[in-house]
Amino acid sequence: MRRRHKNDGDKQKHESRDSRKSDSDYSASFFSSEKRVFFFCLVFRMLNSLLVQTYFNPDEHWQGPEVAHRIAFGYGHLTWEWKRGIRSYLHPLLFVPLYKVLAFLHLDTPLVMRKAPRLLQSVFAAVGDLYLYKLSAVLFGDNVAKWALFSQLANWFMIYCSVRTLSNSLETVLTLVSLYFWPCMRSSSRSSTVSRKWGLVLAALACAIRPTSAIIWLYVGLLEFSKERYKLKLLFLEVAPIGMLVLGLTCLLDRIMYGTWILVPLNFLKFNFLSSGGDYYGTHKWHWYFTQGFPVMIFSFLPFCIAGIIYSKQWRYACLLAWVLGLYSVLGHKEFRFVLPILPIALIFSGYCLAMIEDPGLPGYKGKESSKKRTNCSLKVVLAVIFLLATNIPMSLYMSLVHQRGPEDVMNHLAREARHGKVKNILFLTPCHATPYYSVLHRDLPMRFLDCTPSEERGVLDESDHFLMDPVSFLSEYAKNMSLPSHIVLFHSEEQKLKNLLNSHDYREERRFFNAHFKVDRELQASIVVYVHTRQ
């Protein structure tokens with residue numbers, strides 16, 4: 001009888017082991033194909049791009065699609081940065097062929113025009129996801145790579161930001177691909193040298209698109225240089241020629257587009273670093289990235305990231321995180337998106353921690369392995385996944401579908417109205433660049449917004465500031481000197497002050513769109529309103 005029970009117990013153990021093995025084999029077979037991983041990431045990011053329906057940062061529209069729209073269709077607004085030569089045309093030009101193809105196929109409808117740029121960025125984002133997986137596999141093995149990819153795809157900020165048409169989003173992709181090709185593929189073989197050159201090219205492109213990316217590559221370059229046996233060869237036969245080639249081609253591109261020779265990286269660094277021009281848009285305490293900015297981005301993955309750093313002992317990448325956060329902390333003007341390129345690196349460490357919970361045999365785990373311990377570990381990893389999904393999915397859905405959706409909705413409405421000939425001209429009485437512009441409206445109509453070009457003199461108020469200080473006086477003066485538009489767009493907070501004046505000039509509320517539940521910028525912008533002139 002005892003022998004029978006023993007045999008039954010052995011059978012159950014074998015069945016349990018076989019079950020775990022089959023699950024493991026399925027997972028291994030899926031992740032063994034890079035094409036399969038990329039296709040999965042591509043589908044995920046394309047759906048991700050369709051999910052995002054909110055407004056995050058003006059640069060998403062004004063420094064990419066808006067500039068591309070001007071090149072492709074002959075109309076669009078160039079902000080003050082383009083007049084001062086601190087932006088390169090390299091990033092906006094990526095969207096020009098997309099717009100040309102849509103126009104040729106007569107698919108440039110309001111819906112397609114607002115979705116297509118993010119769908120294109122979703123392809124780039126999927127490439128970044130694939131190379132995060134490959135980089136993690138090189139550093140820690142396939143099991144960690146699987147969990148690092150999970151962390152990347154589940155993190156709320158990557159869902160919220162990676163498919164947006166910000167130059168920072170593309171910079172993040174180039175950073176991941178370059179890290180895979182350069183520092184992680186070190187060897188004396190010829191193939192590794194070729195890989196490193198590809199890494200250098202991609203790093204140079206990242207710097208051309210976002211000159212502040214040099215902060216990352218200064219660290220990586222110094223680390224690589226310190227370990228390189230033939231230092232002069234690396235410097236003069238690889239780094240300098242590739243850097244000069246990419247810089248030269250970028251300058252030539254900008255020469256064609258600007259119509260004059262201009263060194264964009266130098267102008268960018270002078271404005272943002274030497275003159276602290278970015279401070280015009282607000283400043284934060286020096287510790288903001290450490291205490292608020294980056295913890296909000298990585299969110300509930302933070303404890304897993306810290307544990308992964310401690311147990312993996314991969315200090316060169318841990319120090320890269322500290323280096324970037326430290327140098328960006330020196331600048332007064334701080335934004336979440338500035339440190340986006342290092343978020344995937346932190347998520348790799350989160351993946352290491354999750355893999356360590358799943359597999360006690362991973363380096364960094366202390367203790368003897370047993371079947372009971374394996375069961376406990378399986379339960380722990382399930383609980384960890386539930387916790388991460390339960391915290392990140394609601395956050396990503398709220399930020400992508402609800403918070404600050406007003407600017408997107410109002411421009412979608414105006415684009416539809418303009419297509420049916422119901423809009424003649426528009427005045428935006430909002431903080432400058434608070435909505436998308438011609439790239440979404442896609443009609444060559446007169447539009448005006450409040451100017452916020454930084455003054456070279458400290459303390460000088462711009463047009464947007466004057467309006468917010470006294471909206472009634474500003475609009476009264478505007479009505480005396482300018483012809484009133486057919487449509488006026490403004491936030492609820494300013495509408496309360498201007499409602500009587502608007503009614504006296506024969507304006508009525510046409511549509512109201514929800515924007516936010518809590519304070520944005522200066523005050524609560526709960527909704528955004530469209531007023532239409534009754535005599536148009």
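We count from 1, first residue shown onward.
Each Cβ is built from the backbone N, Cα and C atoms, and glycine gets one as well.
Any TrEMBL annotation is an automated prediction that lacks curation.
Note that this is a predicted model, so its numbers are computed, not measured.
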34-51, 232-249, 250-267 - the range that TrEMBL marks as transmembrane segment: 232-249
For the transmembrane segment (153-177), sequence-distant contacts whose Cβ falls under 8 Å of one of its Cβ atoms, 6 or more beyond its ends: 41, 44-45, 48-49, 51-52, 56-57, 59-61, 63-65, 91, 94-95, 117-118, 120-122, 124-125, 127-129, 131-132, 135, 199, 202-203, 205-206, 209-210, 213, 216, 296-299, 301, 336-338, 340-344, 347, 388-389, 391-393, 395-396, 399-400
Paired segments the transmembrane segment (315-332) and the transmembrane segment (378-401) in contact, 3+ CB pairs under 8 A: no
Sequence-remote partners of the transmembrane segment (198-220) [C-beta within less than 8 Å, at least six residues beyond its ends]: 88, 90-91, 167-168, 170-171, 174-175, 177-183, 185, 238-239, 242-243, 245-247, 250, 264-265, 268-269, 272, 319-320, 323-324, 327-328, 338, 341-342
For the transmembrane segment (378-401), distant same-chain residues with Cβ under 8 A (at least six beyond the ends): 51-54, 150-151, 154-156, 159-160, 299-301, 304, 354, 357-358
